[in-house]
Amino acid sequence: QRRVYRTTTHVPQELGQIMDSETFEKSRLYQLDKSTFSFWSGLYSEIEGTMILLCGGIPFLWKLSGQISGHAGFGQEYEIVQSLVFLLLATLFSAVTGLPWSLYNTFVIEEKHGFNQQTLGFFFKDAIKKFVVTQCILLPVTSLLLYIIKIGGDYFFIYAWLFTLVVSLVLVTIYADYIAPLFDKFIPLPEGELKQQIETMAKSIDFPLTKVYVVEGSKRSSHSNAYFYGFFKNKRIVLFDTLLEDYSALNKEPAEGEDGENEETKSKTKNKKQGCKNEEVLAVLGHELGHWKLGHTVKNIIISQMNSFLCFFLFAVLIGRKELFTAFGFYDTQPTLIGLMIIFQFIFSPYNEVLSFCLTVLSRRFEFQADAFAKELGKAKDLYSALIKLNKDNLGFPVSDWIFSMWHYSHPPLLERLQALKDAKQE
């Protein structure tokens, strides 16, 4: 794929009507920088993980966690407390070692190509907030999971699976209402033509829409997005302001004398993004609603939970094998949390790669089906133009190596999607 980025310096003939040479070159350089960053950060991650294993980092951190919990009055019999200290230290280590890479990605690569909208202060405040919120969720959930595994008897894997199912459903339910607003500002889409058209389209396919929100994604990045969430008869649609031509802060000059939050957001008017017109926004939403109407969301949940149940069952089979713990430096103890880490992170690694590829293939199939659904709604022409605009706004590179694309792209390449829409567009 890097060879494609380096050597494809002119717009291919089939893209002549879609991309201008300036945008093509910008996207090529952006993706080349991202590819270089991905290689070095991935290589560092592999070296770090290998050194941790070879130098006994996991048993060392477990011993340190026991010393800390012991000083707090919790002896070795309080394994769950020691596990939580271990988890806190491990996530803190990961956050610290990953910080330079995150800083470089945000303030060098994304900044260089006009996507970053954050100041350094906003970045660190956001990072600290994310870490705290993650711990507030991760530690209680882990402690309950470990407790269930310990008291569950021979069929603990069933109870553990049911617990993780409930937790995942709860988190999906509360995320957009209580967690996401901690990081971004959500405002209801103002009354007007766009809102009426969205409500009309939702009603036409029996989508139980209750609210439509606009999120100020431009405070963080100029990349655009849209999604829906909620269960049963309580569905909400969320649109990033960068998706909307009429609402994006990046398309507006800052008002004179503005301060406060806008001081944290560096509006780069020289890198304005197009956004999409109302008809194109409706076409994008038609695609997203197609995922709901065709049952893709439910199918993904079912696949995820079947996989989760299988993993917990295999965990129950393997957890009693002392040689697994010995291989990772645990000769005298067999902590449940360490067993979860060894089995889920290392033993299942080859299986997870195969599963990930299968899900990528399925995802691409779902994307074509959702495009076809939007086509049936009469949105083919608008979705065609919206995909081109979004590709341009996000500097997506439309030429890809077929093996790289097959393994990594959860969405079909732009040209394939446009070709599928082309006949309907011409009609």
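Positions of Cβ are set from backbone N, Cα and C atoms, glycine also.
Copied over from TrEMBL:
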type	residues	note
ACT_SITE	E288	active site
BINDING	H287, H291, E367	Zn(2+) binding site
DOMAIN	188-423	domain 'Peptidase M48'
REGION	253-273	region 'Disordered'
TRANSMEM	80-104	transmembrane segment
TRANSMEM	131-149	transmembrane segment
TRANSMEM	155-176	transmembrane segment
TRANSMEM	309-331	transmembrane segment
TRANSMEM	337-362	transmembrane segment
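Here the features listed in TrEMBL are placed on the structure.
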residue	record	CB count, 10 Å
H287	Zn(2+) binding site	24
E288	active site	16
H291	Zn(2+) binding site	20
E367	Zn(2+) binding site	21
Would you kindly give the Cα-Cα distance separating E288 (active site) and E367 (Zn(2+) binding site), rounded to the nearest Å?
9
Go through the chain and flag residues at least 6 beyond the ends of the transmembrane segment (155-176) whose CB is under 8 A from any CB in it; none is fine as an answer.
137, 141, 144-145, 148-149, 186, 213, 229-231, 236, 238, 304-305, 308-309, 312-313, 315-316
Using the recorded Zn(2+) site (H287, H291, E367) as reference, state which further residues of the same chain have their Cβ within 8 Å of the centre of those residues' Cβ atoms, listed in sequence order.
E288, G290, H296, F366, Q369, A370, D371, F373, A374
On average, what pLDDT score does this prediction assign to the domain 'Peptidase M48' (188-423)?
85
